[in-house]
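Per Swiss-Prot, the features are:
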type: BINDING; residues: Ala33, Ser34, Ala35, Gly36, Ser37, Gly38, Lys39, Thr40; note: ATP binding site
type: DOMAIN; residues: 12-482; note: domain 'UvrD-like helicase ATP-binding'
type: DOMAIN; residues: 520-808; note: domain 'UvrD-like helicase C-terminal'
Amino acid sequence: MSKTIPLRPANEQFTDSQWQAVFDGDENILVSASAGSGKTTVLVRRVIEKVKSGVDIDRLLIVTYTEAAAREMKERIQVALQKAMNEEQDPERRRHFSRQIALLPTANISTLHAFCLTVIRRFYYLIDIDPVFRMLTDETETLLLKEDVWDALREQFYAENQEAFYQLTANFSNDRSDDGLTNLIFSFYEFAKANPDPEAWINGLTQAYEVGDQLGESKLFQTYLKPLAVETLQRTLQRYEEMVTLTEGEEKLQKIWYLAQNEKEQTKQFLQFLERNDLESAYNLTELLSFDRYPTVRAEELKPTAEQAKQLREQNKKALNDLKKQLFTLSPDAMKQVLKEATPIVQEMAHVGKQFMEAYGAEKRLKNLVDFNDLEHYTLAILAKNQADGWHASEASVYYREKFDEVLVDEYQDINQLQESILYWLRRPLSTEGNLFMVGDVKQSIYSFRLADPTLFIEKYNQYGQGKEGKRIILAENFRSRKDVLDFTNLVFSQLMDERVGQIAYDESAALVHGFDQFSEAADYSTELLIYEKKATESVEFPELQSPELLIEDKTEGELYVTALKIRELIDQNFLIYDKKLKTDRPITYQDIVLLTPTKKNNLTILDVFKSLEIPVQVNDAQNYFQATEIRTMIALLQLIDNPYQDIPLAAVLRSPIVGLKENELVLIRLANKETSYYEAFLTFNQKMEPTMEEAVVQEKTIRFAESLEKWREQARRNQISNLLWTIYRETAYLDYVGGLPVGKQRQANLYALVDRAAAYEKTTFRGLFQFVRFIEKMQEKDKDLAEPVVLSEENAVRVMTIHASKGLEFPVVFVLDMTKEFNVSDLNERYIFEENLGVGIRYLQPEERVMYDTLPFLAIKQVRLRKLLSEEMRKLYVALTRAEQKLFLVGSYKDQAAMWKEWLKVGDVETLVLPAENRLQSKSSLMNWVGMTLVRHQKADEYQQEVVVSNVPQVKKHPANFHIQWFNEEQLRAAIQQLQLPERQAEDLAEKAQLSADKINRGLARLSFNYPFEVATRTTSYQSVSEIKRVFDDPDNKEIGKIEVREDNTIQAQPLIVNRMIEGDLSKPKFLDTVQAPSAAEIGTATHYLLQLIDLSKQPSYEEVRAVQERLVENKLILPAIAEKMNLEQIVAFFDTALGKQLIQHHQTVRREQPFSMLIEAEELIQNYPETTQDDLLIHGIIDGYIELDNQCILYDYKTDHVKGTSPQAISEIVERYRGQMNLYRRALQEATHKEVSHVYLILLNGGVIIDMQTGNVVDFIK
């Protein structure tokens, strides 16, 4: 029962709920504190009131999520205690407060890890651990240690030659490496160790694979897969009902009505099978699933209705096809067989993973190392003891339960299961008065990568809300933001977040309530959506190569220019914000603005764009530390000191200011000895006895450097690396040198940080320069860049940080960038997925068929993880929006406005407050799509789009939120930038970025026009590519070469020789001079080859899988979106249904794709009319699209995406003649490389839809 709460004084600033959170007690309490609700203030006040009531500060355990939060908490408590003591008149109470201030430095206010360390230091004897250990805190050191242990253990397993281990390796690795198995074991370890009882978790891994005879009755299907399928089918039936209603009674729409009725009955039958758990019938139905052609409607007045019905039907087709792929790729019997065969692999995974866990633990104990995970497990082992009748509190647990009057936990939503177990043994049992006080906001739980478990918060939220085991207090008032920001956030999340996606209902108790009423209304503070239209981007024109224009390379730059221009507008127009410290309005400054990004990958682009528009920007976590010139130079020098026989580091150091050689001087060193390594050439050059005058100047520098290098190498063997670095800095004056460069203080800070990094490394278990270099290389390899050291923190600059980094902070104006970035669900496409409660789901590689199958646990865990992943994305959006105090901007990009509205209007007709789960659970969606779907139902959206169907749900239609949408294209950005008054330097930067000067081009053309006097030798180059040779067959007249015929014997019959360099004679027109940037056939062909190179041949590729590969290529900027749109994916998929395509899949292990080759051929052998007196060789270079290597033969194939005039015998004959020479060269090169006969040569015409046997010249198959 709760204790009596004192009445809140009239002048008290706290709200009723805050007051309750401060004083309520005698039972466990969960405070659900929304963003900006003052939870830290409440927590501090609660501590102070406890102290005022006579509780000593050291009888409280206060757990924070970060060390910074712990420091802030101590500081705020000290200030409050000092204030209380100063205001107190009673001498006894003043002494009490004074004593609390004295106790504060040693009070238990810390992270849970720090408290665990205290427990272990005190009770280490209970678990027989050496109390003298070192904390293993460096991620890279941890990774290297894991790799060393795993390498040794893996070799041991290989030596044992057990079939089970080889099968495990084969299932998760490929023919190039077993990195897949390494990653699996490391992930296994992380998930196992996050569990309170790792051994129990490991022992239960195979349970999910033991489903019995009735697959439909299994817990996995019933709990995780059936609800998804039923929900999808119910929503599909609703859409068919809408189709029927739309078309009913209209004779000209009767065919559509019948189609909707038939497909609705088919869907209803599907649903009935699932509800009866009849998976066999459901599977058989999906095998017969087909969709008739949609009827054509010619009546103009009915076309809008027909189109509306068609859109509903398209959504249904996608939903049913997706459901089939998700759940019914295998029959129930086949799935049971797969589970049976996959079980031994999971058993071996558990065995190997457990062995690694033990070996890694033994290695850490041997070296007296303890990591954060060990701290938690050791603490749990100290607090709880396992006896015959279960777990009981140990003497340590009893001690702490008696010691602490209250356990206060901040950021409780980020606790994991292991940490929850520790808290359980620290708090008092439920049979007594509760003493656990938890504060957090599950809507801000965004640390799943640290295995945080928000369900722990949610369970208590629901239980305590019903008065079970504790009390729930909700802090809804937001004292941070304007009502404009809060209304917009509430509008969005009332429609997005519920138990299904987000994991908690965004109801009235969760909604944000405006609590700060001091803001003025000096400007429009409505949320703005800034949309960059990619389609509007055209090639940049350069009239007479004199007028520099803005060149936007991709959507990222487009969005950043939109953002930068909006910031310039705010600054230039003196946009007013309310200053809470000054308590008045003032003009905005750069320092008031923050850019929130999903990741750090675009930070360097942000720096470039903002610099070009003269906007100061601070990106302290740019993750470009290793890319800084001064750091790259020093790392190259350290690599050289470790091993001088490294050409690239040697050249880098010689070219750097440390030695100061020029390019031509580097050439002199190479000429001293052309046959050996560059270092040996360097030594030879230094020993040259009679150098030329030029060589003598260089030699003076190189000899001096060689002496320094030898001295540093000697020092590295006997001194610490940090001392070595100081020696180098001092002797080269490099530290002073970089200080004189632009941003000199930052560069010096970077070099200081390298010394700190070296000093930290020397405290690890690794030693020596070689290991340090490996250490640094591993950091670079794993993208664990050293954070760029912060030089200035209070400068007037726009700040950039990730959404994760912004948590707990607030800013007057917030721009959320890259909002249309597609959700990253790549982890769900791996061969394994781990989950805290369900264990592991694997994809099973059938060894004979070499086909990968999704197991039932994989399908179930994939759905669970997808919901969790998208729920966290939704919570990240909540964190991002609630960082804004006064003005919020959301930035994204779409192809054009039509594409944007198409995405947003998918839910325009939904009549429920919360949007359907299927729309929110689209993995290929984005944050902006989510936001857009909530806005189109608001009456404000009608101002921007006439097709908007304003929702009849009153909470949406007339919501008080306000927003504006603005669109920008490249032309508008260009015009806006030209109007800016940029300093000369910035203008020059833009010009340099956008334009090549005319005189530079003309100088290049003049060089290309130079006539070399030895004409005969120039007529044939010594290097030819097969593609260049091939081009001359297309149109010889345009290539300035006579008619050429390549014979079967690989010789070329040419007309009188004009030019024997078989390439185009004209310089290609620069891309920036093009007025239209339509993709060329060559660009489409190159992109198609990229795609074909990456398609997984271990199984029959589907359209969706091929599309996914294409999307990855676009995302990684290997192909442009405009080119992707022109690629014929249907033909690519259809090719794999041909006999040749199936042959590639059947022999996928011996298929070689994109194989480069070089072949030396005598010129007179290739070109008959070549002068006999000239003995020259041609180096033929090419890339073979692919071949199948069989036991005694090879099958060569080549893709072509050329436009084909038809498939008539004459057209086919022309194609065969056009490519015969190229294919003959490929065939010869392949035979020489493999020493095997090439039995077949196939030309695959993807656009023509045929496959040609080049030896017979006949069409052998059709691509349909």
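Cβ coordinates are placed from backbone N, Cα and C, and glycine is handled just like the others.
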(request) Could you pull the average pLDDT for the domain 'UvrD-like helicase C-terminal' (520-808)? (result) 83
(message) Given a separation of at least six residues and a C-beta threshold under 8 Å, show me what packs close to Ala35 (ATP binding site) in the same chain.
(response) Asp441, Lys443, Gln444, Asn478, Arg480, Leu512, Tyr878, Val879, Thr882
(request) List the other residues in this chain whose Cβ sits within 8 Å of the Cβ centroid of the ATP site residues Ala33, Ser34, Ala35, Gly36, Ser37, Gly38, Lys39, Thr40, in sequence order. (result) Val42, Asp441, Leu475, Asn478, Phe479, Arg480
(message) Using Cβ atoms only, which residues of the same chain lie under 8 Å from Ala33 (ATP binding site) while being at least 6 residues apart in sequence?
(response) Lys39, Val42, Val439, Gly440, Asp441, Leu475
(request) Have a look around Gly38 (ATP binding site) and count the other CB atoms within 10 A of its CB, chains all included. (result) 22
(request) Return the residues near Gly36 (ATP binding site), defined as same-chain residues 6+ apart in sequence whose C-beta is under 8 angstroms from its C-beta, sorted by sequence, else 'none'. (result) Asn478, Phe479, Arg480, Ser481, Leu512, Gly515, Glu810, Thr882
(message) Just to confirm: which same-chain residues, 6+ apart in sequence, have a Cβ under 8 Å from the Cβ of Thr40 (ATP binding site)?
(response) Glu72, Met73, Arg76, Asp410
(request) Count the Cβ atoms, other than its own, that fall within 10 Å of the Cβ of Ser37 (ATP binding site), considering every protein chain shown. (result) 27
(request) List the residues of the same chain that sit at least 6 positions away from Ser34 (ATP binding site) in sequence and have their Cβ under 8 Å from its Cβ, in sequence order, or write 'none'. (result) Asp441, Lys443, Ile474, Leu475, Ala476, Glu477, Asn478, Ala510, Leu512
(request) Give the number of CB atoms, excluding that of Lys39 (ATP binding site) itself, located within 10 Å of its CB. (result) 22
